[in-house]
Amino acid sequence: MTTTAVPLSAKPAAGQLVEHGGKKHETIQEGKAYILIPPNTQQHVTPPQHAKAKGKPDEEVKAQSVFYNPIQQFNRDLSVLAIKAFGDDFLHRKRQRNDKNRARHENKKKRKLPGERNDGGVKLRKTDDGSVQVENGDYSAGQKQENGAGSESATTTTGANEGKPVQANGEIGERAISAPDEQPTKGPSGPRFRILDALSATGLRALRYAHEIPYVSAVVANDMNPSAIQSMRLNVEHNGLESKITPNLDNAIGHMYRVAFAEPGTHGPQHVNQKYDVVDLDPYGTAAPFIDAALQALNEGGLLCVTCTDSGVFASTGYCEKTWSLYGGAPIKGPHMHEGGLRLIINSVATAAAKQGLAIEPLLSLSIDFYVRTFIRVRKSPADVKFLFGKTMDVLGCDHGCGAWTVNMRGRNTKQIGKNDNIWWKHTIGQGPAVDQLCEHCDSKRHLAGPMWAGPIHNAAFVEKLLEDVETADPEVYKTKARIEGMLSTALEETQVNDDVVSYKSAAERSESDEIIPKVPPETIDHFPFFFSPSAVSKVIHCIAPNDASIRGALRHMGYRATRSHCQPGSIKTNAPWSAIWNIMTEWTRQKHPVKDSALKEGSAGFAIMKKAKELWAAEEEKEKSVKEGETSAENGASKDSTPGITTEGDQAPSKPTLVSGSNDRPKVVFDEALGKDRQTKHLVRYQQNPRENWGPMTKHKGSA
């Protein structure tokens, strides 16, 4: 950091010391934005060790008066890229709508003859030489009439224009009639693209949006803390963005409702829509109180960006009553708890939107570090809202036993085909859980979680568009580019587990008429909503954990899909049922690493699973033995009549998974590591390790409203 202070009007630079109003500020750069903070402001969860050793942490490391967390740079980098990708599609759709409206307007004008216009019973025809003829009935002003009037000074005798001269330029009296090609045209102006940073603090997000998204027309940076607004104004002025960013001192909920419901006196021809195309909610804690207001402050087809950092609530059963009050559902327990928390949050947004006839579509939803982040497209569509009931699920989880879970849908969306092959949908109530109170795998008690979102949490086309943009992104601006690319690649792989993946085109394949981010059909359900952890299931039966490639290879050999989950290292996302997963795990102990009987306590989940597996193996061995004895007897009887020189056809490769000998339905498990390894053309940072200790949300700032 430089020691010489410069004025606020100086060109921003990282590490610069700025003096303004008798106070000094340190300049921090992130992306293309610069913010000013007091020197030695705390930027870590705990003060530096050398400050503790001196015993003067309060003097050397100051608490933040306006919240700034450098840990969330990944969040901000991702948000800029996501809004930019969404904006490309949003403005592309807007241009298409404008083109259609313009074409419709042109078609209306073409219904009249070129150069012709009617007004009060008088027909004006523009001639080739630029003069205007007045036609009324069977005669025109261009001809000699009985009253002797010439073509240059004709008068009309009908309508409100009686006695008024018709000039050569087409004027009737004082009023001029313009030909279609003389219509005034609008001056060049860019499309409106407005963003609200509802909880802005230092204004860093707003600064980055204004700097890095080229078509942003206005950003409102809102905060109810006067200290934050003061800091924000300094930062906006220092970045030279006064024309784009408006700091706003207000309660975020109140501001969004006032934007959604303008005062009656402001309506009329001069009314300007003040709603936003993007609303970003990044609170310290839960975003639940802001959801309804944010939805109503959005324009049609707008983007809602939501961050929730209260993972102790949405991803833990320790405060289930709080989870219910904030998100309208019960949390799930297990390694997939953050994925369950994401679905709880999305469902709370969907139910709030449905009350207003708004349908939501999650474009990207990620569990990152200590928080979750989701990007949701919102449309006005009462017809699509009807599908929400059939996309809401409860989850019965064996959280105290083997970790298996079963999904039960609240409603059902059934496709019906009517006359002339017309398709319509029937929405009915779902059936009760078709499972026992105890887990069918380990006989442990189940617990209920939900209701939660059962639809897709990613739009594959949106993720692909993001990846295209990330490839060309400047790593000096987006410092977390490598991690963004790795996490997005993993999220895209997750979508391949389901059959209902929306087809999309790359930038090279798209035409001007193609949508950049196609809409996911509203009836789409994610039938395999959660991942499982091989290390977690290995712990249940007390065996050595298999590597990921072995498990994925076994699943793929059995005909299932298997990939990673972005939520956790060592996780596997698959369309295999839990019966297949436990079949693989018990075969692992049988083929690779046997488990001692003494390792499992009687009455435990692992004991019950291994007991059932051993009983199944014994029954299959007995059946196989009896089959072999029958085959031997048949061969002995047939050998007497066999013809020498004739051989049977050799075995062929099975078209479907091989079944275990002595079993009619259990596929053979093969731990094929080569099949389970994913070929990568480049190294990806899928799961970044925390760069230092105490990597977390930091302490809440001490400013007051």
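Cβ atoms are placed via backbone N, Cα and C, with glycine included.
Here the structure is a predicted model, which means the values were calculated and not measured.
Look at TrEMBL and you will find 94-167 (among others) tagged as region 'Disordered'.
As annotated by TrEMBL, compositional bias 'Basic residues' applies to 94-112.
Per TrEMBL, compositional bias 'Basic and acidic residues' is recorded for 113-129 (among others).
The compositional bias 'Low complexity' annotation in TrEMBL covers 147-163.
TrEMBL lists 620-705 (among others) with the feature region 'Disordered'.
According to DSSP, the secondary structure content of the compositional bias 'Basic and acidic residues' (620-631) in residues is 12 helix, 0 strand, 0 coil. TrEMBL lists 620-631 (among others) with the feature compositional bias 'Basic and acidic residues'.
For 633-650, the entry in TrEMBL reads compositional bias 'Polar residues'.
According to TrEMBL, the compositional bias 'Basic and acidic residues' annotation covers 665-681 (among others).
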Within the same chain, where does the compositional bias 'Basic and acidic residues' (665-681) have neighbours whose Cβ lies under 8 angstroms from its own Cβ atoms, ignoring anything closer than 6 residues to its ends? I mean 6 or more beyond.
546-559, 562-563, 580, 583-584, 587-588, 591-592, 616, 620, 657-659
With helix taken as DSSP H, G or I, strand as E or B and everything else coil, how many residues of the compositional bias 'Basic and acidic residues' (665-681) land in each class?
4 helix, 1 strand, 12 coil
Tell me the residue counts in helix, strand and coil for the compositional bias 'Basic residues' (94-112), as DSSP assigns them.
17 helix, 0 strand, 2 coil
